[in-house]
Amino acid sequence: MSDTPVDAEEVRHVAELARVNLDEDEVEEFATQFADILDYFDALDEVPEVDAEPDLVNVMRSDEVRDCLDQSEALENASDAEDGFFKGPRVS
Amino acid sequence: MSLNIFVTEETVAGDDDGPLAGKTVAVKDNISTEGVRTTCGSAMLEEYVPPYDATVVERLKASGATIVGKTNMDEFGMGGTTETSAFGPTKNPVDESRVPGGSSGGSAAAVAAGEADLALGTDTGGSVRNPAAFCGVVGIKPTYGLVSRYGLVAYANSLEQVGPIGSTVEDAAALLDVISGADERDATTRFDQSAEMDAHPAEGSDYAAAADGDVDGLTVGVITDLLEGADDRVVETFEAAVSDLRAQGADVVDVSLESLEHAVQAYYVIAMSEASSNLARYDGVRYGLSTGKEGNWNDVYADTREEGFGAEVKRRILLGTYALSAGYHDKYYKKAQDARAWIKQDFDEAFAEADVLATPTMPVLPPELGESLSDPLQLYLMDANTVPVNLANLPAISVPAGEADGLPVGLQLIGPKFGEETMIRAASAVEN
């Protein structure tokens with residue numbers, strides 16, 4: 001059994017953090033499935049700490065003005081716009 | 001009966017001539033096509049029409065190819081059967097009662113059914129190689145950084161690459177020749193203004209010419225760890241294909257990579273974590289589904305996502321959010337990164353013993369439609385042989401190895417970093 005048990009309350013909490021509403025059936029189903037999946041992920045505990053050189057390097061480009069989408073193209077897929085801006089629901 | 005290969009059938013003509021003049025290409029529906037809707041197999045993007053082309057699409061058009069449509073896929077690439085698509089499953093052209101694999105199931109099925117000469121898929125944890133194996137065609141997952149991801153709708157950025165699908169190794173390699181190369185709009189293609197552009201590994205490479213079938217003296221390492229859990233019929237077909245390579249002059253050795261038992265765990269933790277961040281952009285405001293509901297931002301945002309996303313996408317966003325949340329980050333995400341580094345080291349050691357590594361592409365034969373959706377964990381385990389390659393940023397190819405019970409079996413060959421030519425050469429010998 002996983003040492004990080006997942007119950008319906010935990011699923012609701014994570015769903016709220018992720019901003020995804022769920023119906024009650026989904027909450028129950030996910031709680032059961034997440035318990036199985038997280039139990040499987042727990043085997044990562046056995047992985048040793050690994051000293052690895054990150055093979056990442058910064059890749060820079062010069063800060064020059066280039067062609068890009070114009071405002072109307074950027075708004076083409078928006079459901080609502082006003083004065084050339086995206087229009088969304090009120091924030092509070 | 002329709003196989004449901006395309007989400008959108010629309011013809012886009014390319015330039016008059018070029019290396020792919022006269023060829024038809026199907027494009028996976030998570031690759032942006034200017035003026036042609038790009039749904040990612042999701043209700044969230046059912047009406048989304050990109051205002052620009054992905055770099056790979058620009059290159060396709062410039063190569064003279066004709067695009068014939070946008071292919072069906074698991075929603076946002078999250079699945080291995082093409083059954084999580086909001087537009088219904090695609091059927092396997094070889095056996096219509098079975099899945100074509102996924103997530104690029106429509107692309108592989110298009111080539112297998114003769115609906116297109118070639119196709120583009122994307123591979124985050126096997127999504128090109130899996131459907132290529134299940135449909136009996138060839139699919140290539142390039143080394144991370146060989147092909148531009150600009151215009152690919154993101155699922156898990158650190159793992160995914162656009163890859164070609166064709167009926168033969170040479171066909172798929174010719175498409176790789178067209179799409180690979182540095183792109184200043186994707187810094188992970190190793191474009192660096194301080195370096196010369198011709199430093200990119202695609203410069204000076206000729207992938208199609210590498211398909212010469214010559215494996216004399218090549219060492220093939222069989223990853224024994226990945227044979228253990230596989231279906232006997234798959235292993236038998238795989239071993240026959242490896243014996244055939246030996247008969248053609250290849251040396252065959254066994255290799256073992258202890259870290260691989262953690263690959264599926266590490267892959268899903270990393271992919272889900274990246275997905276939870278990437279898919280935060282679907283807010284219903286800038287593009288995508290708008291429910292038209294009134295209310296405050298957070299409520300409308302959460303409603304939009306309940307309606308627009310299918311179950312598997314919600315599952316991965318939630319598990320990714322969980323793995324990154326306070327108290328669990330070190331336990332899951334950090335350990336997954338350790339496992340990723342360990343797997344890379346194990347591959348480095350294996351390539352000291354062999355030129356290419358071999359496994360069955362999929363441990364199972366193509367499942368029946370509807371068979372595998374109810375148990376997500378079982379579906380994740382089906383990716384055991386493909387995900388290590390993405391975690392290690394390596395190239396791999398799936399080539400038909402033969403059939404078992406009338407169903408295609410794929411042989412996977414893994415190359416060293418930017419070793420596509422060696423890998424393609426070995427794969428072309430499997431076709432001999």
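Cβ from N, Cα, C; glycine included.
Because TrEMBL annotations are produced automatically, they should be read as predictions rather than curated entries.
Some features that TrEMBL has for this protein:
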type     : residues : note
ACT_SITE : B:LYS28  : active site, charge relay system
ACT_SITE : B:SER103 : active site, charge relay system
ACT_SITE : B:SER127 : active site, acyl-ester intermediate
DOMAIN   : B:12-423 : domain 'Amidase'
REGION   : B:79-108 : region 'Disordered'
Whole-number mean of pLDDT values that fall within the domain 'Amidase' (B:12-423): 96
Candidates from B:LYS28, B:SER103, B:SER127 close to chain A, where active-site residues are judged by Cβ under 8 Å: none
CB contacts for B:SER127 (active site, acyl-ester intermediate) [other CB atoms within 10 A, all chains]: 36
